[in-house]
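Listed features, source TrEMBL:
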COMPBIAS  578-597  compositional bias 'Polar residues'
DOMAIN    54-305  domain 'Ion transport'
DOMAIN    333-454  domain 'RCK N-terminal'
DOMAIN    480-567  domain 'Calcium-activated potassium channel BK alpha subunit'
DOMAIN    733-816  domain 'RCK N-terminal'
REGION    1-20  region 'Disordered'
REGION    577-604  region 'Disordered'
TRANSMEM  98-118  transmembrane segment
TRANSMEM  204-223  transmembrane segment
TRANSMEM  289-306  transmembrane segment
Amino acid sequence: MVDGAAPGRPSSSGEGLSSGWMSDKYSKMMKGKRNARKRVEHWLQASDGGYILDSTNTVLSMLSCILYVYETYAKPYYQAGLDVELLRWRVGIDWMDTVDFIFACYFLFHFIVHLYAAESRPHYIMSWTTFVDLLTVIPPLTCYSVLSQPGYVQRLEQQVDEAGAVRATTRLAFLRFVRVFRILRLFRMDRGHDHASSDVSRQIFKVCFTLISIAFIFAGIFYSCESLMVEPALMTDIWGPPLGRYPLRNDTNADGDYEYKLLYHDVFYYTIITISTVGYGDFFPISDWGKVLVSLMLAITFVIISKQTNRLLTLMGMQSVYARHRFRASTRASHVMVCGNIQTQSARDFLTEFFHPDHGQADAKLVILSPHTPDAGMEYILRSAEFGANTIYLEGSAMNETDLVRCCAAECEYVFILANKFCTDPQAEDAATALRAVSIKKHVAQNANGKNIPVMLQLIRPENKHQFTSSVYGRKERSQIICMDEIKLHLLAKSALCPGFSTMVSNLIKSCDAEADDSSPEWLQEYVQGVGQEIYRTKLSPSFRGKTFSEAAKYIYTEFSSTMFAIEVDVLDEPDESSVTSKHSSWRNSNDASVSGKQEGEPKRRTHVLLNPAWYVIGGEDTHVFVLADDQEAADELTTADCNDTDEKSVTRMLGEKAGDLFGHVIGKGGIKHMGRRKSSVGSMEDIPQYELLQTDMNLQQSRRISRLRANYHVLKQPLPLEDATWDTVGDMRGHVLLCGSTSALFYFAATLRSRSTPKSRLKNLVILHPDPPHKAWGQINLFPNIFYVQGSALEPTDLARAGVHGLARAVILSHAKPGGGGGGGGLGGGGGGG
């Protein structure tokens with residue numbers, strides 16, 4: 001005992017320790033209960049088990065209602081009598097009572113589980129669903145427990161006097177009546193509308209379901225009241241004998257005449273015509289309680305349906321008709337999906353090109369998925385005779401699974417994701433485009449049974465490619481990334497070397513319907529004929545196998561008036577190729593082992609495009625080539641062409657077979673085993689080492705970077721510091737290229753000017769004129785020779801003179817970025833060139 005403590009009482013310190021220990025134990029116990037409740041709640045809301053539990057409850061609720069309707073025919077209500085055998089048949093437990101009891105046990109279990117998982121149990125107990133559960137579970141359990149008592153039927157048999165029979169049948173009638181409340185289970189079936197596609201669809205389902213439920217429930221209650229409170233003889237006097245009706249048990253009276261017996265479909269018919277119209281008068285309530293029920297039913301129906309109809313009209317007013325439409329794919333015609341940031345003018349240009357007669361897409365459907373309601377210009381396009389029949393506009397988001405289902409994204413042939421080239425924030429625009437692409441790829445992977453749909457996405461800045469390619473879905477095949485800044489800079493650089501190059505490329509990729517009559521100048525007729533041809537990719541006939549590229553090109557030009565200028569070949573990378581590149585670099589193979597299913601360490605395959613490989617011998621049966629043709633139909637003629645000849649092997653073909661080393665490849669069973677580092681300069685935009693190689697692959701060694709650049713471009717041995725390349729004036733420099741304006745993404749412009757396809761003696765000096773030193777951009781181009789920086793503004797004549805404006809060969813002017821753009825990548829639309 002502690003000194004100073006009163007006898008028989010614990011010390012204050014001991015009492016404090018005891019109470020603290022009890023408090024901690026109680027806190028841990030309550031915390032454990034809360035965690036258990038949360039786990040059960042999460043299981044009910046987010047797991048397949050919870051979904052199955054609710055789905056089973058819905059199905060059993062429907063079966064319980066069907067069972068009740070069946071019982072009204074199998075065990076119809078009747079007036080009290082003295083027939084003990086009939087009484088035993090009415091009271092005895094049969095399979096219907098057993099099934100109803102099993103259903104009630106499941107409903108009770110469902111109620112207990114949800115009550116335990118409820119965050120606020122008092123609030124859950126006071127809810128409407130609890131009222132329905134209790135009112136539909138208690139009566140079946142009570143009836144089964146009463147009727148299953150031993151000797152219950154024998155006691156009823158002993159009550160053969162009139163008063164005893166009346167008391168017994170009155171108790172039975174009450175038990176039968178309260179069981180009608182099981183029809184309220186209809187209200188527990190409303191979970192079905194939660195999976196509807198939109199708020200409007202859910203509300204329409206709710207209105208229809210509520211109307212049917214009210215009619216069904218009031219029909220059951222009205223049937224019970226009229227059958228229990230109105231004698232069959234009175235029904236016969238009012239409505240006449242049941243002519244043409246099938247006889248039910250006890251349908252005849254003591255004289256053998258048929259008496260009118262009310263059936264469930266009679267009262268259901270009466271309920272429907274009472275709700276929908278003023279009633280035909282062929283049925284009407286006879287009992288006082290029946291009249292009260294009809295009045296109550298009409299009042300409740302008017303209040304509930306009016307409220308829900310107003311809600312439906314409000315939702316329909318909030319959503320456009322395009323947000324409610326749904327596209328249904330057809331097996332007879334393919335469809336293409338276009339989403340992203342779709343402007344009216346870009347949509348018009350896309351539709352004009354896509355549905356051009358030269359491309360053979362007259363029967364295809366094009367689905368536009370946009371988060372915005374179409375403006376007046378877009379409405380005009382959708383209603384035009386040119387595009388209206390084959391264009392479907394849906395308001396929605398590519399990030400929403402429901403909207404992707406609406407446009408049948410998993411069944412389309414191609415997906416195009418467009419970007420807003422005039423946006424103020426290119427970084428955010430590219431991030432949104434990449435997220436849309438990943439969302440679509442994920443949806444297709446989960447719903448297309450392994451189908452890999454080609455996705456073409458449009459980005460603004462080349463350095464943002466990794467946002468898509470670094471994802472799991474971005475590394476898969478058949479995904480093409482088109483960077484507008486990259487293409488523009490390539491074209492501007494090529495135009496600086498070859499004036500008119502950008503115009504030629506534009507004519508080759510854009511459809512044109514221009515025509516020149518015989519009276520037009522000869523040069524105009526030739527130009528129109530050339531403008532009418534485009535670049536098409538088509539499959540080459542197997543009959544070309546064994547021919548050299550030059551022989552096939554000559555035959556195609558002679559027989560089909562088409563020009564073959566490139567061919568696709570499969571390349572097996574070197575074993576150490578994958579170790580050179582980072583996992584985030586777009587230089588990496590698109591079909592690596594993780595995607596193509598190959599084992600690690602096996603050679604990885606990718607597709608290369610060879611431009612005019614004259615000595616290349618065509619092999620394989622699935623060879624695709626690029627041709628200049630008038631339309632798709634003319635290009636597809638090469639697929640069925642027959643160029644087999646009986647001549648001996650030509651000299652050029654034999655030379656081609658001997659000259660394989662000129663291209664650095666060896667023909668094998670699987671295609672080209674290895675291709676030399678040097679590639680064709682034109683058309684190799686996808687093969688140029690990407691900007692991520694220079695900026696994001698920080699772990700890449702400097703020597704490896706230089707060696708890779710040296711294989712494709714003219715480069716210095718060591719990077720040139722910006723200070724050494726900064727000149728106050730270029731003096732008497734002649735024949736150089738002057739670049740003014742934005743300095744964003746200069747790598748592609750400078751790399752095109754320093755391509756190894758251009759002889760070193762013909763390289764043009766590049767002079768950059770900008771008010772601020774391009775420190776960030778210089779890190780991308782400091783390995784390229786003959787690049788100089790002059791600080792100044794293109795708006796100042798003296799600065800232009802210092803940059804050698806009087807002796808330049810070409811001038812390229814890039815627009816600056818818009819405010820908030822964070823760089824110059826988004827403002828290249830105003831770029832131009834001159835000389």
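A Cβ is built for glycine as well, from the same backbone N, Cα and C atoms used for every other residue.
TrEMBL: automatically predicted annotations, no manual curation.
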Secondary structure composition of the domain 'Calcium-activated potassium channel BK alpha subunit' (480-567) [DSSP: H/G/I, E/B, coil]: 48 helix, 16 strand, 24 coil
Surrounding residues of the transmembrane segment (98-118) on its own chain - C-beta under 8 Å, 6+ positions past either end: 37, 40-41, 44, 53, 56-57, 60-61, 63-64, 67, 124-125, 130, 133-134, 136-137, 140-141, 144, 179, 182, 185
PLDDT averaged over the residues of the domain 'Ion transport' (54-305): 69
Counts of helix, strand and coil residues, the domain 'RCK N-terminal' (333-454), according to DSSP: 53 helix, 22 strand, 47 coil
Residues of the domain 'RCK N-terminal' (733-816) by DSSP state, where helix covers H, G and I: 24 helix, 21 strand, 39 coil
